[in-house]
Amino acid sequence: MQPPKDTAAVQYSVVIIDDDREMRESLSHLLERAGWVTQSFFKGRDALNHIGRQPPDVILSDVRMPTMSGIEILHEVRQFDGPPVVLISAHGDIPMAVSAMQDGAYTFLEKPFDPRRLLTALTHAAEQNRLAARAARLGERLRNLSGLDRILLGQTPQIQTLREELLDLADIDAPILLQGETGTGKDLVARALHDLSHRADGPFVALSCATLPNDHFEATLFGTSEEPGVLEKTSGGSLFLDEMASCPPEAQAKLLRVLETKEYMRLGSTEVLHADVRLISASNSDLEQAVAEGEFRRDLLYRINTLVVDLPPLRHRKDDLALLFRHFTGECARTYDMQAPDPSQDDLTHLLAHDWPGNVRELRQVAERWVLSSRRGIPSVAAALRLDDPDQQTPKSLRAAVAALERQIISQALVAHEGRMDETAEHLGIGRRTLNEKIVKLGLDKDALL
């Protein structure tokens, strides 16, 4: 059997199963010369055990073997949705080939076969397997992204980028640091990272370093000789430590050891325990500054910020304000069994003019206050905001508020009319030239919207 001279541009892997040693060696030599990674087995059961641990791109198996036939191997592989199986036999006939194909074999080749025909069949099977795996991963990513759409609401580029970033980072089993102002949703993001990871079936525990007394911090985190701590209770899952800047110095040193060695001890015990947990940290303050001031260990910072996610403040994604406000008012109305009216243009103007120092958390509170005030008549965002800031009587910048509102209205119209400029202009009651000028002036990206 003379192998072709050319080498595969893409390196595929194959498991060869044949009770004939010379045939196994000949097939391995042929495929390795063509650039394949091969593993060969005499017994079908040994091959299946290997495939379960390390699936190849394709399986090449003889049909007639003493301990386990190729058809039996095919049936087992099909049960766990394994790689495609190419069957070969020196005793082939048409009924056997038809039966093998009906049972799910990728193809059936009769010995002796043309090496190029074998390589072509194996390459096509491997390509199809990788395409199917890629499609499955893409489908899973889209399902996860759809789930994130319901958790992290918004259509601005900042929030879309955040959702994509979380999908990319969720399954990387390394410490991650969430940075953002108070109220930006770090707890939601931490939970989403856990739910999207391979640790999703394990526990998720959230702990605020700022609310724990220093003298109880280590006992809570590491446990005592009488009671397990959070690290032990979170084994196999994710631990979310919020407000990391408030972590006591003594606990910082022990936490660093956990991250470096994956080991720790309960207080009052000499037994070394293994830490099987992914650490998600969060801070609304500058940890670099805390390091400079001697309040936080630099070596610990380098450990917890292996991966970093920055959460945008609400003032940087004001185009999401109306969507978020309607979402929160709807939630509140359902909670209190009320009918919430739609916000007026004046309400939206005040929403856009506010700086939102408390971010999404503040917006949720204002939305709840707005809904509840509707019991006494027409609700007012301005009044709801003044309860938080008595000095805020009018928008801080009317021009900025009007521009933001105009940007939102035009964006929604463009999306509703699928970017058709004439229809959008007619809907807005302006000329097409005026619409073009406003799109340029407001910095709208029509392609990004669509």
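Even glycines carry a Cβ here, placed using N, Cα and C.
Heads up, TrEMBL stuff is auto-annotated, nobody curated it.
Annotation comment: TrEMBL describes 13-126 as domain 'Response regulatory'.
As a whole-number mean, the pLDDT of the domain 'Sigma-54 factor interaction' (152-372) in this prediction is 91. The domain 'Sigma-54 factor interaction' annotation in TrEMBL covers 152-372.
DSSP classifies Asp62 (4-aspartylphosphate) as strand under the three-state reduction. According to TrEMBL, the 4-aspartylphosphate annotation covers Asp62.
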Packing count at Asp62 (4-aspartylphosphate) (other Cβ atoms within 10 Å of its Cβ): 23
Secondary structure content, the domain 'Response regulatory' (13-126) (per DSSP, counts of residues): 54 helix, 24 strand, 36 coil
